[in-house]
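Here is what TrEMBL records for this protein:
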type     : residues : note
DOMAIN   : 4-41     : domain 'F-box'
DOMAIN   : 67-237   : domain 'F-box associated beta-propeller type 3'
TRANSMEM : 190-213  : transmembrane segment
Amino acid sequence: MATLSQDMTLDILRCLSVNDLLRFKCVSKFWCSWIEDPYFIKLHLSYSLKTNTNRCLIVRYCKYQFLSVNYDSPKTTRRLKQPLGEQKKEIQILGSCNGLLAVEDDDGRILLWNPPTRKYQVLPSTEIEFQSPPIRCSSSTYYGFGYDPVSDDYKLVRIVQLLGAKDEYFHSEAKVYSLRSNSWRRIKDFCFYLISYGQLGFLANNVLHLLAFKTPESSKRDLFGFDLRSEEFSLVEL
């Protein structure tokens, strides 16, 4: 019986869904190591993005449960087994990219979760480095999640802002988490007033976009971008 070459087998496997690949890992140790290889994972993702295949929509149907809906077959849904167990509050989704979700649980832990493989990683905690002033302030925290293809690294951005009730005080702190180094680091602060609550807006061309005011009194909203490669904020010219 003729056998397929490794290249032909690779071409076939990269066209399959993640669920099929997970089942085929039990064919042999060789197939298992092949499917788990970072090179094949990138190849499979690149093929899926290029052909618009293996797409699914993740929706919440209660506080801490999620469903996966297949784009090509909307009636095909399955319940996702999330790694956090039962929660008292809704699981907060901080961002998504290439099938990975950044989520936050009741205890303030942040996790990167891969729903198809059921694998997850708990991120190390990081403190807010500035102290709250004696005056009354409101605090807001914003997140953005994306992938930098240059460094082959997934990054999570966190911005914490404190604003006095009468704008007499303002402080902003920005940090970025790198999956490759599994660590947080402080970056140049974003000293504008964010508008959208919770997330840094949309990801396009490896840049996270967000709306902000230059001053609290400003009526004009400006579009800013966070470049995942340079890790710098800049005004987007429209």
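Every residue, even glycine, has its Cβ placed from backbone N, Cα and C.
These numbers come from a predicted model, not from an experiment.
The average pLDDT computed for the domain 'F-box associated beta-propeller type 3' (67-237) is 84.
Within the domain 'F-box' (4-41), the DSSP-based counts of helix, strand and coil residues read 26 helix, 0 strand, 12 coil.
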